Amino acid sequence: MTWWYARGRQRAVVVRYVLLLLVLAISVGPLLWQLFSSLKGSEEALFGSEATFLPQDPSLAAYRTVFEQVPMAQYIRNSLIMCALTIGSQVVFPTLAGYMLSRRHWRGRSGFYSLLIVSMMFPFESIMVSLYMQIRDMSLDNTFVGVWLPGAIAAVNVLIMRATFAAVPDEIEDAAMLDGADEWRRFFRLYLPAAKGSLVVVVINSFIAAWDDFLWPFIVLRSEELYTLSLGLARLAASSLSFDPRVIMAGSIIAIVPIMVLFIAVQRYFFKGVESGAIK
Amino acid sequence: MTITTSSVKQVPWAARTRSGGGTGRLRRPRSTAGAGMYRPWWMPVLWIAPTVIVIAAFGVFPFLNTIVLSFTNATPLGGGGEWVGLANYERMLTDDNFWRATRNSIVYALIAVPLLVVLPLMMAQLVYKHLPGIGLFRTAFYAPVVASMVAVALVWQNLLNERGPINTALRSVGLVDSPVPFLSDPVLLLASAIALTVWKGLGWYMIFYLAALANVPSDLYEAAELDGAGAVRQFIHVTVPGVRLTMLLIAIMSGIGSLRVFTEIYVLGGATGGPGGQVQTLPFYIRDTALDPIAGNAGYGAAVSVALFLLTVGLAVLSHKFGSREES
């Protein structure tokens, strides 16, 4: 208890660390519990008072089982296809549109801006009935394109890119123009490199959104061979075959880990991009 | 500095802007240079066209079409579609399942919104100032946001089950004698789903507060400290007023998020939406009534969708009113 007698400022730091650790336990504790439980050997208790937090007899058997008994690899592949489509369209089109929106004086600019704002007012769930009928009329139901197309370009990403490009000082553009750089050249050489941080944010957000999405793919996709990981997991959990709980746990850990690794790899950009106002 | 038209004319690119059919009005030469110098009129059109098409076709059109559908008896597979006037709305007013879903969605928002406005602010406060290892905590607090909803809902299903760690802990400290039916009692199931939504949203809203805290002038804290205000009073009198607009934004965002809940209920409560469908939310009910391939009634589902939209607008207006009243 010697810390209690330390000077006030040091005590405040200790209190802060205690609170930080408490929030840490709440936010990642459940995920770690699931990870450790999925690694427990078949003889170990998962639930009840005799269950331990750490596996005593670690084993990867549940991971082997989930790949053997469920088309896990196919689910992962399907999720990756959805992510690739979404990231591609969310990077290219909002970047082009956001750049134009940050330039002044062209006809229709304010109309375009209004369209973006208006489109963000409808929650997806309140238009999904009509959206499904549209997709079905286009013969796109039960296809990846049908899942991807309605969410291919998000207005919020256009606004993020607009804010990013608007923050590039005009003097730099003037200088480039005096050097005779045309608009394409200025866009690729000057503006795109300046937007690297925001592009990382857009990529990660799109990846998470596509990887995580449940309700819309659930409505559009009916064949199991097209199921994404989220759909496959929900099906696995609701399956009438009674799986060992470790197998379902292993499945959910497989859904969480790739996205976590990706996020940790780029989180520096992410927090920096957000704090510098890219999200406003 | 004011630039008159005559002085602009002397600048070489001004003439090209005009003759290039550019967008005419010259106020500030610098910006006009950026807009007009080498840009043909079709260039902005080309660059924004894909965005305009997708947003108009899959954002604005379906919204208008939902209103039209709500006056018809359309089915999800393309049958029906005759005009039925207000019949869907009349049915809705006397439909107990609709009111139950509406009540669940409203309760969801009323509980989740205050928690998501307050708790992330406290978290942001905790990780805002630099300490060794703070980056690690920030990243860890964000982890639930990144993890996919179905996967974390399965985690919580395990944590909350009758023999799960939460029930085991509650029993071992003697708080309860028999397991708490978190996942089978309708009220507790709704509460569990709300807890899951809040838990997963904390890190997301924390980011907004981090950005907002950066804009609170630090000399306000110093002044408060000189006046002898402790951490709590600094929080109430400096931090909260400093991030008020962000609180309003988060109230609206988390409110809309609460009205959109589907996955939490589907995974924790099963395909029926809790025992006898008692924990269905509005999106759940829309999917159930409108999109079933055999018995689906897209017209009726569209009417419920309009109700969901109006509820969303109402909630946003309410948050705004609440926010601006506090201001005065």
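Each Cβ is built from the backbone N, Cα and C atoms, and glycine gets one as well.
Predicted automatically and left uncurated, TrEMBL annotations should be read as such.
Annotated domain 'ABC transmembrane type-1' per TrEMBL: A:76-266, in sequence order.
Under the heading transmembrane segment, TrEMBL lists A:12-33 (among others).
The feature transmembrane segment is assigned by TrEMBL to A:79-101 (among others).
Non-local neighbours of the transmembrane segment (A:113-135) in the same chain are 101, 141, 146, 149-151, 155-156, 158-159, 215-216, 219-220; each lies 6+ residues outside the stretch with a CB under 8 Å from one of its CB atoms. Residues annotated as transmembrane segment in TrEMBL: A:113-135 (among others).
The annotation transmembrane segment is assigned in TrEMBL to A:147-169 (among others). Distant neighbours of the transmembrane segment (A:147-169): 82, 85-86, 89-90, 93-95, 97-99, 101-102, 116-117, 119-120, 124, 131, 135, 140, 190-191, 194-195, 197-198, 201-202, 205-206, 209, 213, 216-217, 220-221, 277-280; these residues of the same chain sit at least 6 beyond its ends, with a Cβ under 8 Å from one of its Cβ atoms.
Long-range Cβ contacts of the transmembrane segment (A:190-211) within its own chain (Cβ-Cβ under 8 Å, at least 6 residues beyond either end) map to 79, 82-83, 85-87, 90-91, 94-95, 99, 151, 154, 157, 160-161, 163-165, 168, 172-173, 176, 181, 228-230, 255, 258-259, 262-263, 266, 269-270, 272-274, 276, 278-279. Under the heading transmembrane segment, TrEMBL lists A:190-211 (among others).
Within the chain, the transmembrane segment (A:247-271) has long-range Cβ neighbours (under 8 A, six or more residues past its boundaries) at 31, 34-35, 37-38, 62-63, 65-66, 69-70, 72, 76, 196-197, 200-201, 204, 207-208, 211, 229-230, 232-233, 236-237. Annotation comment: TrEMBL describes A:247-271 (among others) as transmembrane segment.
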